Amino acid sequence: MKIGVIAMQGAFREHEQTLARLGVETLRIRRPEQLSQIDGIIIPGGESTTIGKLLGDFNLMEPLRERILSGLPVFGTCAGMILLAKEIENSNQPRIGTMDIKVARNAFGRQVDSFEVDLEIPEVGQEPVRAVFIRAPYILEVKPSVQVLAKVDDKIVMARQDNMLVSAFHPELTDDLRIHRYFIEKVCKGL
């Protein structure tokens with residue numbers, strides 16, 4: 001199995017390191033033709049407007065959207081969650097827009113408002129998951145086809161819809177491998 005990581009801006013190296021710890025081969029994605037070489041893809045955290053612009057500039061936006069709609073497993077963290085959302089509150093920024101969610105950007109506040117919290121995520125295990133939130137979004141609305149996996153103060157911070165998994169937090173910034181393992185075992189192999 002080979003997982004692509006969008007490698008234009010943001011925390012792509014940290015995702016690669018986490019996947020390597022799980023024994024998963026990775027490929028840095030920067031060109032549309034690379035999409036045929038992977039079994040799943042991660043869209044990392046970073047700055048969603050910048051990543052969206054770069055996806056357009058590198059002619060990756062449409063091919064990536066088509067591959068995801070055709071069933072390519074995708075995991076979007078923070079900015080990646082924003083880019084996968086069909087709707088972004090008060091924004092018309094470029095996005096992939098494949099997941100039936102509405103998100104609010106920087107919803108937990110600015111950089112100084114970043115925080116960590118232990119999350120209950122039964123889908124990934126009984127023990128709480130340490131979640132790192134940095135200028136994080138959250139999900140305002142989901143369609144019935146979207147499974148809510150985790151909340152913080154009644155705000156949705158992790159969800160899944162078929163081949164699409166999103167989190168408002170950064171699992172790649174902790175030593176806990178369970179979220180990435182869930183993506184590989186349940187989303188990629190579970191389809």
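Every residue gets a Cβ built from N, Cα and C, even glycine.
Going by Swiss-Prot, these are the annotated features:
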| type | residues | note |
| --- | --- | --- |
| ACT_SITE | Cys78 | active site, nucleophile |
| ACT_SITE | His170 | active site, charge relay system |
| ACT_SITE | Glu172 | active site, charge relay system |
| BINDING | Gly46, Glu47, Ser48, Arg105, Ile134, Arg135 | L-glutamine binding site |
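On the structure: features taken from Swiss-Prot.
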residue: Gly46; record: L-glutamine binding site; contacts (Cβ under 8 Å, 6+ apart): Gln9, Gly10, Ala11, Cys78, Ala79
residue: Glu47; record: L-glutamine binding site; contacts (Cβ under 8 Å, 6+ apart): Gln9, Gly10, Ala79
residue: Ser48; record: L-glutamine binding site; contacts (Cβ under 8 Å, 6+ apart): Ala79, Ile82, Leu83, Gln93, Arg95, Arg105
residue: His170; record: active site, charge relay system; contacts (Cβ under 8 Å, 6+ apart): Ala11, Glu14, Gly45, Thr77, Cys78, Ala131, Val132, Phe133, Ile134
residue: Glu172; record: active site, charge relay system; contacts (Cβ under 8 Å, 6+ apart): Ala11, Glu14, His15, Gln17, Thr18, Pro44, Gly45, Thr77, His180
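Across the recorded positions listed here (Cys78, Ile134), the residue whose Cβ sits among the most other Cβ atoms within 10 Å is Cys78.
Residues listed for L-glutamine, Gly46, Glu47, Ser48, Arg105, Ile134, Arg135, cover a largest CA to CA span of 13 Å. According to its DSSP assignment, Glu172 (active site, charge relay system) is helical. Taking the centroid of the Cβ atoms of Gly46, Glu47, Ser48, Arg105, Ile134, Arg135 as the L-glutamine site, the other same-chain residues with Cβ within 8 Å of it are Gly10, Gly45, Cys78, Ala79, Ile82, Asn106, Ala136, Pro137. Packing around Arg105 (L-glutamine binding site) is summarised by its Cβ count: 20 other Cβ atoms lie within 10 angstroms of its Cβ, all protein chains included.
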